[in-house]
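I have placed the structure first, in the form of structure tokens, so that the comments after it can refer back to it.
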Protein chains: 2
Amino acid sequence: MAISFKVIKEDTESRARLGQLETPHGTVQTPVFMPVGTQASVKTMTPHEVSQVGGEMVLSNTYHLYLRPGHELVAEAGGLHRFMRWDGPILTDSGGFQVFSLGPLRRITDEGVTFRSHIDGSELFFSPEISMDIQMALGADVAMAFDECPPYPCSYEETRKATERTTSWARRCLKHHNRKDQALFGIIQGGVHRDLRLKSAAELSAMGFPGYGIGGLSVGEPKPLMYEVLDYLIPAMPGEKPRYLMGVGSPDCLLEGVARGVDMFDCVLPTRIARNGTVFTRDGKLVVRNAEYARDFSPLDPECDCYACRNFTRAYIRHLIKANEVLGIRLTTIHNLRFVLRLMEDIRTAIAGNHFSEMKTKFLRRFKTD
Amino acid sequence: MAISFKVIKEDTESRARLGQLETPHGTVQTPVFMPVGTQASVKTMTPHEVSQVGGEMVLSNTYHLYLRPGHELVAEAGGLHRFMRWDGPILTDSGGFQVFSLGPLRRITDEGVTFRSHIDGSELFFSPEISMDIQMALGADVAMAFDECPPYPCSYEETRKATERTTSWARRCLKHHNRKDQALFGIIQGGVHRDLRLKSAAELSAMGFPGYGIGGLSVGEPKPLMYEVLDYLIPAMPGEKPRYLMGVGSPDCLLEGVARGVDMFDCVLPTRIARNGTVFTRDGKLVVRNAEYARDFSPLDPECDCYACRNFTRAYIRHLIKANEVLGIRLTTIHNLRFVLRLMEDIRTAIAGNHFSEMKTKFLRRFKTD
């Protein structure tokens, strides 16, 4: 087995739990948030900096790396870890989410998906087997099964078909995947339909994956609906396997996800809004590029311990962003990732100390959401 | 006196010399290359990184900071050092070069220059007094006199007028400047006309500035012509004062400049070409974004000790640049600055060890120029 997972402690007032995920590239404490390095780089950051803000495991994208620079080149470089010089664990997604997000550009059959490259428009084809081949070449510690991710909203009938296909594709992935130093996680689909979610969970669980992704959430549905799905879905998932809620990363959703039993998260949100001049503070988001911060000589977040907050003012960072200086988005990215990763540290400390629910309530009372 | 300069050693085979420039923010070994932080940031880098690659003194731009964020805001932040968190020495240019490069957008009278902002097109006015006020507000260790920098080529008559105006403006700068913890350098003009250069040098020298810029070179003239000007100009400049060749930064020009007696340099070249995917190696420039490096798993420059070369391959950096990942241009920038700053270290070591001419010949024999 490439990875092993053990639950260290379970919270008594919620489904939150502490765990340890052992991988060929080190052990990760869960609940964990994985920064996203779409194109083999966590945008604007060196691997050293990702590590410094507390990043332990990163995610990279099969679809993007397949298109550029190509998985054969990455394999030739010695695999993704060596190519991008990240010595910790890596997870690659299956490419499914990306090829399905391309919308009108794609055609789905039981065999796989025909889609067009967002770079040069060329016609390409992904199947469960191809996704496995690419991910095995990339060589991450965790690969994800190739799934069909329906949009939101989506009719019951269409969701049912996508869920069935996801199950059949999961079987093909399992059959094709043969890299011993890489774990393959299944992905549960089913949209916001309870019976489909439970069916998907049952079918995937029966296949005995070493971990499970929860796909098809955080795709535009209201947050309470996502929480509702997690409420009934997670108890139907294997308790001894890591549960990974894909594409979730806002501070409030991280807390609510952990409370419902999620062990792993990834999301571009913290780094994406950073490049837009928006940062997290304990009071909520702050748009530092706004004129009101032009003469604000305090740090982005006075309670933060990151490099940006220890050294620079809102006024300077706003200036850099307005002047299109790369250092500006480097500093907001460092801060936002540190904010989220420190939140995960606080969450783990709280679970360990039996005060997670209290910590969650306190954080959410202060943190203003949109 | 805000600064003091002493010549430590003179080369016997050339005009190269070792010196020490003491400033309110530390002592700099000369010959020195100053990385350029146009908008209060050396593009893509943190101050810490600039220091790590060997940067001791940086240059920032009066014109740009006046437009954005404004010198009053910088003063309010506690001055440029505190605003950008650079604790070492800073030099600000006068804004002259920028307003004169704007070409048809500007109008020059003896009083000053009317020009249009490159950001919003608004009409603005710079005079020697205004340039001094802005630079005093910014609070760099060294300010530069406001000069008229003629283009290349430029008629004798026009160059003569610009040189006269530069002398008269230098006098006004000296009269208006009154910040005791800031040194004001004069700028010698005169184009490529020997008598005008010598006249400018004589007039400026008589005013007793603590240092002198050589302006109006590296503006498009052939390199041999620039060297010729330096050959007759530098002996006419005060020997005990630092000599600063403005806007020069290619490795070959740095060596030739040092050989002719230059103590200080600045240039955007190393950082600008880096953002374009071009890096320096001991053999000359290398365009790492070219297809031939797609599968090249060696470092940018195998002889370099920088962070980029110690950790990443040409193939990875090329991928990052092709994929528009900021990390790509961060790594090429780190490398190019380290290359130039290490060259300056090697130059100083060579002068100290009495083998500068040999070192220069050896470097130039191998380093292919365009």
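Placed from the backbone N, Cα and C atoms, the Cβ positions cover glycine too.
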Of the ranges A:114-120, A:191-197, A:247-253, which one does TrEMBL list as region 'RNA binding'?
A:247-253
Region 'RNA binding' per TrEMBL - which of A:166-170, A:271-275, A:321-325, A:346-350:
A:271-275
Figure out which of A:Gln182, A:Gln189 sits with A:Asp93, A:Ser94, A:Gly95, A:Gly96, A:Phe97, A:Asp147, A:Gly216 in the substrate site per TrEMBL.
A:Gln189
For the Zn(2+) site that TrEMBL describes with A:Cys304, A:Cys306, A:Cys309, which of these is also annotated: A:His335, A:His355?
A:His335
Rounded to the nearest angstrom, how far is the Cα of A:Gln189 (substrate binding site) from the Cα of A:Cys304 (Zn(2+) binding site)?
37
Including all protein chains displayed, how many Cβ atoms other than that of A:Phe97 (substrate binding site) lie within 10 Å of its Cβ?
21
Any idea what DSSP makes of A:Ser94 (substrate binding site), helix, strand or coil?
coil
Of the binding-site residues listed as A:Cys306, A:Cys309, A:His335, the one whose CA lies nearest the CA of A:Phe97 (substrate binding site):
A:His335
Three-state secondary structure of A:His335 (Zn(2+) binding site) from DSSP?
helix
Would you list, in sequence order, the residues of this chain other than A:Asp93, A:Ser94, A:Gly95, A:Gly96, A:Phe97, A:Asp147, A:Gln189, A:Gly216 that have their CB within 8 A of the centroid of the site's CB atoms, where the site is the one recorded for substrate?
A:Phe100, A:Met144, A:Ala145, A:Phe146, A:Glu148, A:Cys149, A:Ile187, A:Gly213, A:Gly215, A:Met246
Just give the helix, strand and coil counts over the region 'RNA binding' (A:247-253), going by DSSP.
3 helix, 0 strand, 4 coil
Residues near the Zn(2+) site, A:Cys304, A:Cys306, A:Cys309, A:His335 excluded, by Cβ within 8 Å of the Cβ center?
A:Pro299, A:Leu300, A:Asp301, A:Asp305, A:Tyr307, A:Ala308, A:Arg310, A:Ile334, A:Arg338, A:Phe339
